[in-house]
Each structure stands twice: as C-alpha cells, then as structure tokens.
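What TrEMBL annotates here:
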type	residues	note
DOMAIN	42-290	domain 'G-protein coupled receptors family 1 profile'
TRANSMEM	28-50	transmembrane segment
TRANSMEM	62-83	transmembrane segment
TRANSMEM	103-121	transmembrane segment
TRANSMEM	142-163	transmembrane segment
TRANSMEM	206-227	transmembrane segment
TRANSMEM	239-261	transmembrane segment
TRANSMEM	273-292	transmembrane segment
Amino acid sequence: MERVNQTISISEFILLGLSSRPEDQKPLFILFLTIYLVTIAGNLLIILVIRSDPHLQTPMYFFLSFLSLTDICFTTTIVPKMLVNFLSEKKTISYAGCLTQMYFLYALGNSDSCLLAVMAFDRYVAICNPFHYVTIMSHHRCVLLVTFSCSFPHLHSLLHTLLSNRLTFCDSNVIHHFLCDLSPLIKLSCSSTFVNEIVIVTEGTLVLVTPFLCIAFSYIRILITVLQIPSAAGKRKAFSTCGSHLTVVSLFYGSIFYVYLQPVSTYTVRDHIATIVYTVLSSMINPFIYSLRNKDLKQGLRRLMRRRV
C-alpha cells in the first residue's frame with residue numbers, strides 16, 4: 001500500500017535543463033528561440049520550394065520534403081517546452097506530458113532515420129541502376145516507402161512508452177535532462193528495469209542500427225560504381241548528388257550513436273550536448289546543407305523568389 005501511494009503521488013517531473021544558473025536562462029531562451037524559428041522557417045522554405053517547382057518533382061525531393069516536415073515536428077516536440085522552462089521557476093512537466101514527449105521523440109526521431117535510409121536507397125538506384133530508376137522509384141513505391149518510414153517508428157515508440165509507463169518512481173522526480181528520455185527515466189525508477197533494458201538493447205538497437213546499415217550498404221555500392229566511372233567529371237557529378245545526404249547522415253547518426261550505443265548506467269550530463277545535436281541542431285542545419293550543396297534546390301529557390309517579386 002505504501003508503494004502504491006508513493007507512486008500515485010508523483011504526478012509530474014522536474015526537468016533540470018541545460019543550466020541551473022538564473023543568469024543563463026534568458027540567454028539560453030534567446031538562443032533556442034532563434035534556433036527554433038530558423039528551423040521552422042528553413043524547413044518550411046524547403047517544402048515550399050519543392051512543392052511549387054515542377055523541376056523538383058522527383059523521388060529525391062519528394063523524400064526531402066517529408067524529411068523537412070518530420071524535422072519541424074521533431075523540433076516542436078522538444079524546443080517549446082525548453083523555452084517555457086527557461087522562463088519558469090518551476091521547470092516541471094506532467095507525468096502524461098513526459099510520456100507523450102518521449103513517445104513523439106522516438107517516433108519522429110526514428111522516422112527521420114528511416115527517411116534518411118530511404119533517401120540513400122534512392123541515390124543507390126539512381127547511380128547504380130539508372131536505366132531502371134523510373135520503374136523502381138515509381139510514385140506509388142515512393143508513397144509506400146514514406147508511409148512505412150513514418151508509421152513503423154510509432155510502433156517502436158509505443159512499445160517503449162508502454163514499458164516506461166509500468167515503472168514506479170518512489171524517491172525522486174528530478175530528471176537530469178532537458179527532455180524526457182528513456183535513460184534518465186530508467187535511472188530514476190525504483191522498480192525493476194530489467195525488461196526495459198533488455199528491450200532497449202535488443203529491439204531498440206535493431207531499430208536504430210538497421211537504417212544505418214542500409215545507408216552504409218547503399219553508399220558502399222555507390223562508391224564501387226562511381227570508382228568504375230572512367231572520367232573524373234563523371235565521378236564528381238555522381239558524388240555531388242550524395243554529398244548533402246552524407247553530411248546530414250554523419251551529423252545525425254554520429255550524435256545518436258554517441259548517446260544511445262552505451263549502457264543506460266553510464267548516461268551522464270555530458271550526453272546533453274550530443275542530444276542537442278540530433279534533436280535540435282541537425283533539424284536547423286539540414287535546410288542549409290541541402291540548399292547550399294544542391295544546385296537544383298538553389299535554382300528552385302531563385303525561381304520561387306523571382307515569382308514572389
């Protein structure tokens with residue numbers, strides 16, 4: 001009975017955030033508000049350019065538009081609550097709000113991961129099998145790939161959210177993080193976390209690593225094919241279509257692997273920086289990477305600006 005009463009009494013968590021110093025809160029608020037506004041504006045612009053330009057109605061840009069939409073939703077899951085807490089004395093989040101944030105964190109984060117894998121597959125087909133590209137990457141197949149990429153991660157996220165809902169929290173409700181994540185919650189729990197940790201190590205690792213392996217396989221095949229091209233100009237052209245995507249993949253997966261491919265018990269405050277990279281910074285940087293390194297997208301942006309003028 002005492003355990004039940006203690007569990008029911010915890011109706012909210014305290015997010016310690018990035019800094020406990022009062023003088024840091026307003027500068028952090030301004031910084032992350034700027035990042036959030038730039039993220040929304042940049043990704044909306046990418047979507048608008050792709051949707052409005054007939055020259056960009058190809059599978060690669062179809063996938064990119066959904067990646068930008070997912071990035072907007074992903075950042076919105078995290079940053080608005082951070083902004084509220086920067087200006088609030090009580091940096092709290094309700095129990096239901098915490099699980100909801102964690103659900104969308106994993107659902108949208110893994111949707112990003114799957115979309116990056118689909119984009120790598122698209123480049124693989126375009127470079128390694130160009131004569132069958134139109135047949136393989138038909139609009140119907142592209143829609144199916146996007147549907148799978150945006151729906152399957154919700155099952156993965158639902159599993160971990162339901163398992164987290166089984167945990168009990170008796171002694172403390174202070175989360176040493178700026179968001180609700182699995183590792184801090186598991187460290188906070190006073191009940192057995194064996195099942196949670198087993199599922200993270202098995203199913204969680206499989207869901208995280210599989211898209212990365214698909215990307216790695218696609219680029220190994222691309223590299224082999226490109227090295228067989230006799231002209232240097234042909235090699236540069238082939239690599240130029242992959243440069244933006246490779247940069248985004250390196251940034252996204254580098255920070256994710258740093259955070260999640262380690263035992264839950266070793267999770268520390270130092271992992272906050274890596275978490276910021278894949279949850280906040282990558283979504284802001286992606287539009288710049290794709291627009292600055294992509295000639296077609298830059299031309300589409302110029303055409304859009306001329307139409308507006």
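A Cβ is built for glycine as well, from the same backbone N, Cα and C atoms used for every other residue.
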Stretch-level contact, the transmembrane segment (239-261) and the transmembrane segment (28-50), CB cutoff 8 A, at least 3 pairs
no
In the predicted model, what is the mean pLDDT computed over the domain 'G-protein coupled receptors family 1 profile' (42-290)?
89
